[in-house]
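Visitor: Here's a structure for you.
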């Protein structure tokens, strides 16, 4: 579930006392859930009159929403905070105030240490308490240095405002919606259970209400998010037990919601109902991100994945049997402690058998506090890097082959945003690819029939199907 740093902005709103709005700059690192969290923090800040800026220099509040998955994540944050300290000092000399906040998983993991190492920081707030951000800022303005990383007893989503339709519309025709947080799997390489906590599922009514609000605001495609999204569970209208598949069936009933996706999944939680949803729901896109991490049973056991390579392959076979056009994505780690050449070759064999449309791969990075950090037989960095290079070459080859296999196909394309060229829009294919096509800006949000004509580095090209020769 990875994404490069992104900027998200709070919606516009004037202060309750009628004075000029304050400016907020939010920088988001990491996964899609952090992107979603930044959006919800923006909505919460809007109630206190914070409006967006893309210029950090003019911000009254700079908020870093951080990620802790990779090695040196914290050091990158401290480096950014060093630059912000100088900016804050310069503004103070000019008689201007700037507050600095750190949110997200580094905030959760580091807590008070952030205030010790970065004295310019005013607020540190965790991913389970960001609904209390406005109050934390008020306390900071009174001179307190605030750390709020305790797991909240109350449901944060009940305390967060939902944006108005006009603000949702300004954000685009696709949206994220968090339905589940935390993880109970305790893979030995992963910090998520320690930074996001145990698995928690949002109630059906809350999810449906938010989805309906998004659709009212012009959203055509919703991606359901969770650290382990297919572990979501809840109660149906008669109190019956629901799993993610049931939730997808319910959301597919919302008028105007054309497309559904979900990420990130664990193989152990792909149940029959969810597989049936892939078979039955036209709105559920034929794309599945299903991380496996390794093709070696020995390494999978050391990772505490609790499934074998054969079980993963069998699951893929079952899914493809009901949805032959589904495209697979995955995550892989090279150089996990104890990984031998044979273990790595097992991973390559699994990749060859699955044939991914795209995948994400990383060198193993030691995360303090995880069981993996205590394992012996740590793999040398040069071997990790060499294996990663080989794996990525294979995955890139498969991605290119999948893209080329799309040439000549007619597909339904959701038009999302302007392209780089005049008269061009960028749309999203059912398989999550960016597709360039000539279309009018007024068509953003439409789903049109196109024919794929070619491939680019990270995108496809298409023409309107009715205009195709």
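Heads up, residue numbers simply count up from 1 along the chain you see.
Glycine is treated like the rest: Cβ placed from N, Cα and C.
Taken from Swiss-Prot, the feature domain 'MTTase N-terminal' applies to 22-142. If you look up Swiss-Prot, you'll see 31, 67, 105 marked as [4Fe-4S] cluster 1 binding site, on the strength of sequence analysis. Sequence annotations record features per position, and here Swiss-Prot assigns domain 'Radical SAM core' to 169-401. The feature [4Fe-4S] cluster 2 binding site is assigned by Swiss-Prot to 183, 187, 190. Feature annotation from Swiss-Prot assigns domain 'TRAM' to 404-466; the stated evidence is sequence analysis.
Walk me through the surroundings of each of these features.
Guide: Secondary structure at residue 31 ([4Fe-4S] cluster 1 binding site), taken from DSSP and collapsed to helix, strand or coil, is coil.
Confidence annotation: the domain 'Radical SAM core' (169-401) carries a mean pLDDT of 97 in the model.
Using a 10 Å Cβ-Cβ cutoff, residue 187 ([4Fe-4S] cluster 2 binding site) registers 22 neighbours.
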Visitor: Per 10 Å Cβ neighbour count, which of the binding-site residues 31, 67, 105, 183, 190 ranks highest?
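Guide: Counting Cβ neighbours within 10 Å, the top one is 105.
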